[in-house]
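These features come from TrEMBL:
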- C:5-129: domain 'Dihydrodipicolinate reductase N-terminal' (DOMAIN)
- C:GLY11, C:ALA12, C:SER13, C:GLY14, C:ARG15, C:MET16, C:ASP44, C:GLY100, C:THR101, C:THR102, C:ALA126, C:PRO127, C:ASN128, C:PHE129: NAD(+) binding site (BINDING)
- C:132-265: domain 'Dihydrodipicolinate reductase C-terminal' (DOMAIN)
- C:HIS156: active site, proton donor/acceptor (ACT_SITE)
- C:LYS160: active site, proton donor (ACT_SITE)
- C:GLY166, C:THR167: (S)-2,3,4,5-tetrahydrodipicolinate binding site (BINDING)
Protein chains: 4
Amino acid sequence: MTQLIKVAVTGASGRMGREVVKLVLEDEQLELVAAVAPTAGPVDAGTLVGLGPCGITVSPDLESALRESNADVLVDFTVPHAAYNNTRTAIEYGVRPIIGTTGFTPEQIEELNGQCKSRGIGGLIAPNFSIGAILMMKFAAEASKYLPHVEIIEYHGDQKLDAPSGTAVKTAELISEVREELRQGNPQEKETIEGSRGGYYDGFRIHSVRLPGVFAQQEVIFGGFGQTLKIRHDSYDRAGYMPGVSVAVKKVMTYTGLIYGFEHIMD
Amino acid sequence: MTQLIKVAVTGASGRMGREVVKLVLEDEQLELVAAVAPTAGPVDAGTLVGLGPCGITVSPDLESALRESNADVLVDFTVPHAAYNNTRTAIEYGVRPIIGTTGFTPEQIEELNGQCKSRGIGGLIAPNFSIGAILMMKFAAEASKYLPHVEIIEYHGDQKLDAPSGTAVKTAELISEVREELRQGNPQEKETIEGSRGGYYDGFRIHSVRLPGVFAQQEVIFGGFGQTLKIRHDSYDRAGYMPGVSVAVKKVMTYTGLIYGFEHIMD
Amino acid sequence: MTQLIKVAVTGASGRMGREVVKLVLEDEQLELVAAVAPTAGPVDAGTLVGLGPCGITVSPDLESALRESNADVLVDFTVPHAAYNNTRTAIEYGVRPIIGTTGFTPEQIEELNGQCKSRGIGGLIAPNFSIGAILMMKFAAEASKYLPHVEIIEYHGDQKLDAPSGTAVKTAELISEVREELRQGNPQEKETIEGSRGGYYDGFRIHSVRLPGVFAQQEVIFGGFGQTLKIRHDSYDRAGYMPGVSVAVKKVMTYTGLIYGFEHIMD
Amino acid sequence: MTQLIKVAVTGASGRMGREVVKLVLEDEQLELVAAVAPTAGPVDAGTLVGLGPCGITVSPDLESALRESNADVLVDFTVPHAAYNNTRTAIEYGVRPIIGTTGFTPEQIEELNGQCKSRGIGGLIAPNFSIGAILMMKFAAEASKYLPHVEIIEYHGDQKLDAPSGTAVKTAELISEVREELRQGNPQEKETIEGSRGGYYDGFRIHSVRLPGVFAQQEVIFGGFGQTLKIRHDSYDRAGYMPGVSVAVKKVMTYTGLIYGFEHIMD
């Protein structure tokens, strides 16, 4: 019989944390052993997320939760500052951290990697747990080796503050690393409406569309010789992260050291 | 028995003129009676376009061609200056002009309209004969009344000089005429890469993609309340104009005066 | 000062009813005057839908709710049998019914239309309140007059029971009414995998895709002469109905008689 | 200085052969040394394809052309029977065959592979030289490991005889080899219009759209957990094969033995 993986969840009352609690409660290979949320009060974690009671009471403090729970893995989708401390605490207790937060410095990652190795456990920090988005980025980079003419169009809700999106910039970086040097377009090109050709990145263009009714979408288009190749990812809600979290929880049991980036735990 | 419509074609050796000659030769309701091309020499018009001989010899001069041919309609896809003179000549001979050239001034159009009316004949000047593109623009304007959040993305070959395309600007104008006043997007929005949000037009955005392997495509996207509506036209070659030319040749026989814009002869 | 429109909502504790209650509470031109839900108990309607208390207590009975509330309009997204009775009750009280339920017989619609006229009020029954979907159907029918070669592809969640979707069939009907007689495709066409060419409807084809992660999408594609025209509607959740409900509530105040189909109240 | 690769072309007056002759004449790393076309007569190969004269006269016979030309590579886009004989002839003369024809038996491929190895030269037989299409198939197979819910939609011209297309079937096979066993859709699913759910292949569905104005397009859609991933290839004309031919001519110089399938010479 396979042993269940014991999971602790921080930020359990937050939007993503609640999804993680649900995921753990519904996955037959996982067991919820702790749920931490500083201000939620001592409610049942199952009740908190709209499922029936599960017998685990939400705790305000990570350290005491880990001391009592014997967790294998901690899943944390909180904010950068909290996440760093939570990660350190988890490693001290020998609990593998899976962190869905950006904002770690390279030095912090290096330090946490060293701590994981000392404890002989794995860990994962990833800004993006969406398998579809990660495949899109991977395929886009690969295609750019053969079809170097490329543009990126990303779509988000109309209240998003920054353009282009983090995913678009990350995709552009991955393409730039492997694509041949190429300044696309007609050198004499003129914009009669400024900005219509989009944002310039290392020879190609990025376009950011902002419309209500859109959650998060991106299309990478390659053109050449009577053909186009398009790789598109449409995301409708944050639940799209959960299959990735599920893969990560199982995978983190199998290696030692801290990995940065979900793509590096895919085969 | 229906009478055939007698068609003369100017610029018969040009890219578009050749397509028109083919169209006329292959349409059972049309009869080619004259083909004009200043420098092609006295070849058979059918042979010129890669079909068998048709008995009409290419003529270097429009006036003599019209004098001898008793044409009903002249189709002209030449350049602005030539087109203006050809249109005047046609009307003088009582031949209905169908002109696929931009660059006419409002005064010229007014004047030619008066001449058509005096002669009791119809005429058409249209920058765009693509039925699909015209439907796209019409639907986009109509949708913007109900779903005012809109962006335009247009795609052309990577050697195109100007951005955005004429069709995109025309579409934006048609939308602006009927859409409620609305400045889309977050007022605090910031571009970390300049231009990524596209070109600004009356409260919404236009994005121009340039890639090899693309001929001419445009998508108009409307967003709102958990839904998006997209209207997209993909054009693969100039042959896309021909169904519109065919419709125009038949329609121009049925009205008096010069109409500007293909959309105005659609029901 | 404009007078607020007084709205009653039936099925207020149901999935759609809750959305309607929210819509009414958040629209400055509307006032919630009654919320009916047989089994919800006497809770505040605002609290029921996750907003703050609004001062309207949910009532178990439509008739007493209407007697006391002086509503202008009743919005009903319940089930066919209940909807019919609710509609009759509303009309008796001089309250304009807006009904988002299918299953009325032509005789029932005729009868309710007569009753609306007798009372001098308007009414609306519509199976689909999605403005985007209705525009898609309208544009598709119009395009099929000019570009008669068409196929429909619809996408729904993988647990949907029936194929094609009601919207796809409705679109096909609207196209068939106006499109020229045309049996598309090669007469010698052969399927090496049965069904790959999709479902046959009056000369053209319908394809039903079923995948998890999709809510409701449809694309109507027209092809001809080096071009394609695509009209696509993507719907992500039921909230997509609410803008249509909002339009309907205001519009129903302006006419007399019962209209069937949201498209008939659009300009 | 890099040595030019000497290229012979069979079927030089055919649709694809002409494209190959053009490609070779315009690529600075390649040199046209022979062009074979049984019935074209002794014309200049450059003139034949609409470029200026190139000094190579079209020959009616492959064997004499190879004897005189000292070619490194033969490119052959003829018909199966001719292609087999041409391949054998090429190998006898130590000329590397690049064959864009289907219809070889496994035994023939094995035999030709042996002959290539004996002569110490490379060779390539590939039904598809479109880099974009090959990337689409490769990415589709890879994505199906992570997102096993998949459907294929392919689009071709309305006069195509068979459905689904060869590319769709090939894609389905590649997916089936790596995807987990999964019968998609609701087991109680019912078609109210027969065939609307498409063709069944190993648990998933293939849809074939046929419309005028389409050359060859395919979209593979993956769905799951609030997201979809789409990989789409649009092909507008046969010129789309040429970049692949160009890659193949250079690559075939670097290995020994006959490779079947363009994907196997990609990195």
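In case you wondered, yes, glycine gets a Cβ from its N, Cα and C as well.
Whatever TrEMBL says is automated annotation, not expert-curated.
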Pairwise CA distance, C:SER13 (NAD(+) binding site) versus C:LYS160 (active site, proton donor), rounded so that it is a whole Å: 24
Counts by DSSP class (helix H/G/I, strand E/B, coil) across the domain 'Dihydrodipicolinate reductase N-terminal' (C:5-129): 51 helix, 28 strand, 46 coil
Site with most surrounding Cβ atoms, counting all protein chains shown within 10 Å, from the recorded positions C:ARG15, C:HIS156, C:LYS160: C:HIS156
C:THR167 ((S)-2,3,4,5-tetrahydrodipicolinate binding site) CB neighbourhood, other CB atoms within 10 A: 23
For NAD(+), whose listed binding residues are C:GLY11, C:ALA12, C:SER13, C:GLY14, C:ARG15, C:MET16, C:ASP44, C:GLY100, C:THR101, C:THR102, C:ALA126, C:PRO127, C:ASN128, C:PHE129, the greatest C-alpha pairwise distance in Å: 29
Listed in sequence order, residues with CB under 8 A of C:GLY11 (NAD(+) binding site) and six or more positions away: C:GLY17, C:VAL36, C:ALA37, C:ASP76, C:PHE77, C:THR78, C:ALA82
Proximal residue to C:ASN128 (NAD(+) binding site) among recorded positions C:HIS156, C:LYS160, C:GLY166 (C-alpha distance): C:GLY166
Chain D contacts among the recorded positions C:ASP44, C:LYS160, C:GLY166 (Cβ under 8 Å): C:LYS160
Sequence-distant neighbours of C:ALA126 (NAD(+) binding site) in its chain (C-beta under 8 A, six or more apart): C:ILE98, C:ILE99, C:GLY100, C:GLY244, C:ALA248, C:TYR260, C:GLY261, C:PHE262
CB contacts for C:ASN128 (NAD(+) binding site) [other CB atoms within 10 A, all chains]: 18
Collapsed DSSP category at C:GLY166 ((S)-2,3,4,5-tetrahydrodipicolinate binding site): helix
Residues that sit under 8 angstroms from C:GLY166 ((S)-2,3,4,5-tetrahydrodipicolinate binding site) by C-beta distance, when 6+ apart in the chain: C:THR102, C:PRO127
The domain 'Dihydrodipicolinate reductase C-terminal' (C:132-265), counted residue by residue under DSSP: helix, strand, coil: 49 helix, 43 strand, 42 coil
Sparsest-packed of the listed binding-site residues (C:SER13, C:ASP44, C:THR101) - C-beta count within 10 angstroms: C:ASP44
Distance from C:ARG15 (NAD(+) binding site) back to C:LYS160 (active site, proton donor), taken between C-alpha atoms, in Å: 18
Residue from C:ARG15, C:ASP44, C:THR101, C:HIS156 whose C-alpha is spatially nearest that of C:THR167 ((S)-2,3,4,5-tetrahydrodipicolinate binding site), among the recorded positions: C:HIS156
Rounded to the nearest Å - Cα separation of C:ARG15 (NAD(+) binding site) and the residue listed as 'active site, proton donor/acceptor': 19
